[in-house]
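A single structure is presented below for examination.
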Amino acid sequence: MAVSLGLSAATYGMRMLADNVCNTGVFSCSYGLSTFDSTGKYPKSFSQDTCANYDGHYVDPENNYAILVITAIFAAAMAFSIGGNDGANAWATTIHSFAITFRPAVILAAIFEALGATTIGYGVSTSIQKGITKLTEPECFACGYCDSSMSLYYIGMMASLISASIFLIVATMLKMPVSTTHAIVSSVFGMTIAFHGFGCINMGWKNLGGVIASWFISPVAAGVVTVIVYYAVQFSIFRAPNPRQRAYIIAPVLKKYPRWYGIVAGLIGGSAMLIVYLTVIFPRIKKNLPSLSEANRLGLHMVRNSEAEKAGKEEEADFKGAETPKKGGLLDAAIACPSLALQEEYDSLSPEQQDAMYLFKYLLILVACLQSFSHGSNDTANATAAFSAVVNGFNNGIDDCTNPESPWWIMLLGGCFLGLGIWVIGHRVMDTIGKNICIVSFDRAFCTEFSSACTVVVCSLLNIPVSTTHCQVGAVVCISMAAKESGSIQWKLVGIILFSWIATLPFTAGLSALIAYILKFAMKA
C-alpha cells in the first residue's frame, strides 16, 4: 500500500511539473513512471524536479500495427534468406561430396536449424539490438529523455531488415556466399548514420572493426586449421599401415568435436550422439564397408553419375561438358567430370583406405547436423533481434530502454522460415561452395566442416570476430591447395566471392540509410 501511495504521489508531482521545457538531456516524466523499482524509487539518474513531457516530435510506435506487420514480413524474409545463403555452410560439401543426396539433406538441415533456434537460440539478440547503436545517449536516440527519437530507432530496425533481406536474397540468387551477420550489422550502421551520424555508432572491435577484420581473419584462420586437420587425418589414418582400424578408433573422437552450445548442452548432446554412433551407426558402417560389398563400392557416386547420364552421355565420354554446367533441377547442374574424378580418386585407394573413406561419409553427415543446430541457435538472431526490438516498442512504447531477448515463439518462427529457405533456395549457394569452387571428397569435406566449425568456436571464445561463411570458403580453398589440387580451384569465382564480401558493408548500409531517411518523414507527428 505504501508503495502504491508513493507511486500515486509521484505521478501527481510529475503532472504538476509537466510544464518544464524539454531540452536535450532532460528526462521524460513518463520514463520516470515506467522505471520505478520495487520500492517505488526513481533510478539514480532520474530527477522528478527536472523531467518534462515527451515533445511528441515523432509518432509513438506503441500499438502501431503498420510498423509491426511490415517488420514481421521482412523478418520472415530475412530468416528465409539466411537459410538460403547460410545453409550452405553446413551442407554444401556434404551434398557435393555425395555423402547424402539433396532432399534428405535439406530435411535434416531444416529440422536441426529449427531445433537450434527454438531450444538454445533464446537470448542471443542483445548485441544486434544495442551493441551497435547508442540508444541512451542524449545526442543519439535519447531513450528515456523528453526529446527521445526511439520511434526512429524502431523504424530503423525495420529498414535494416528490409535492406539486409533484399541483399541476401539477391546474393543467394546470384549464388554468392555472404555473411548474414555482416548484412544485418551493416544495415544497422546505415540507419544509425542516417538518423544521427557516425558519433552514435559503437565503433569497437566487435562492431564495424570486426566486420572489416573478419574479411581477412576468417578465411585465413579457417584455412590454416583446415590444412592442419587435413594432414593429421592423412597421416593418422590414410597413410597408416591399417587405415580401417585407425578410422574405427579416431571416428568417435572426431565426432565429439567441441561446440559452444554451453557446457551442459555440449556434454549431453555429445554423449547422446556418441551413444547413437556406437549403437546404431557404427554397426551399420561395419556391415556395409566397400571392401565387403561390391554394390557399395560401385554405388559410391552412382547417384551423381546417373544424373550425368541423363544430362547427356556425350558429356560422360568427353570431360569438356564439365566446364559448362547444364541448368535444370534442384542442383542446377548435372556434371560428369566431378563425380568421375571423385570415382577415380576413390578407386585408386586400397581396400582398407576405401573403408576408412566410407566411414567419413557418416561422420560428415553427423557434423553437418550439429553445424545446422549451432547455426540455428546463433544466426537466427540476425532476423529475430531487430523484430524483437520492434515488438518491444509496439508493446511498451518509446520509454522502454531495456534489451529484451527474443522470446521462444519468435525464435521458433524464425527457425521455421530459415529451414524453408534452405529447402527452397539453399541449393544455389551450396553449388558454389561445394562444387563450383573445387571438388571435395568425403575426407576433405569432413576436414572442411570440422575445421571451419572449430575455428568459429575458438575465435568466438577469444573474442576474435569471424564469419562462418568466410571460414567455410577459406577452408574449401585451402584444403584443395593442401591436397595439391589448386589447379582445380576456380580462382575467378573466388575473386568474385571476395568482392561480394567487401560489397556487403557499403551496399546494405547505403540501402538501409536510404530507406530509413525516407521513413523518417512518415514518423513525424
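The backbone N, Cα and C atoms fix where each Cβ goes, and this holds for glycine too.
Remember, TrEMBL labels are computer predictions, not curated facts.
Reproduced below are the annotations present in TrEMBL:
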| type | residues | note |
| --- | --- | --- |
| TRANSMEM | 65-84 | transmembrane segment |
| TRANSMEM | 105-124 | transmembrane segment |
| TRANSMEM | 152-171 | transmembrane segment |
| TRANSMEM | 183-205 | transmembrane segment |
| TRANSMEM | 211-238 | transmembrane segment |
| TRANSMEM | 259-282 | transmembrane segment |
| TRANSMEM | 408-426 | transmembrane segment |
| TRANSMEM | 493-519 | transmembrane segment |
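Burial and contacts for the listed features, if you can.
Outside the transmembrane segment (183-205) by six or more residues, the chain places 78, 128, 131-134, 137, 139-141, 149, 152-153, 156-157, 159-161, 163-164, 167-168, 211, 213, 382-383, 385-386, 463, 465, 504-517, 520 with a CB less than 8 A from a CB of the stretch.
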Between the stretches 152-171, 211-238, 408-426, 493-519, which wins on the count of C-beta pairs under 8 angstroms to the transmembrane segment (65-84)?
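Most contacts with the transmembrane segment (65-84): 408-426.
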Other than its close neighbours in sequence, what residues sit by the transmembrane segment (493-519), given a CB gap under 8 Å and a spacing of at least six beyond its ends?
152, 155-156, 158-160, 162-164, 166-167, 171, 174, 176-179, 182-184, 186-191, 193-195, 211-212, 215, 432, 436-437, 470, 473, 477
